[in-house]
Amino acid sequence: METLLLTLLVVTIVCLDLGYTLECHNQQSSQTPTTTGCSGGETNCYKKRWRDHRGYRTERGCGCPSVKNGIEINCCTTDRCNN
């Protein structure tokens, strides 16, 4: 009986952990804040910032992309950390 209860406890913990989805902001520049659930077990959110002819631009989303010189990027690992 104890073994069965322990097994059920372990299965419950594993299932709850596998169901976790990181949530990141995904609005662009000065738009109203929105969020998205990241897919594929993604563990990072990013905030990318650069300047063009319109001024400073901001992009947010899931992942941690590589960027070219002159583009600032901040990556983080907690829910909605890229605001």
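Quick reminder: no glycine exception, Cβ is built from N, Cα and C everywhere.
These features come from Swiss-Prot:
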SIGNAL    1-21  signal peptide
DISULFID  C24-C45  disulfide bond
DISULFID  C38-C62  disulfide bond
SITE      R54  site 'May be critical for toxicity'
SITE      R57  site 'May be critical for toxicity'
DISULFID  C64-C75  disulfide bond
DISULFID  C76-C81  disulfide bond
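With respect to their backbone Cα atoms, C38 (disulfide bond) and R54 (site 'May be critical for toxicity') stand 29 Å from each other.
C45 (disulfide bond): 28 other CB atoms within 10 A of its CB, across all protein chains.
C64 (disulfide bond) is surrounded by 17 other CB atoms, counting those within 10 A of its CB over all protein chains shown. Among the recorded positions listed (R54, R57, C64, C76, C81), C81 has its Cα nearest to the Cα of C24 (disulfide bond). Between the CA atoms of C81 (disulfide bond) and C45 (disulfide bond) there is a gap of 7 Å, rounded to the nearest whole number.
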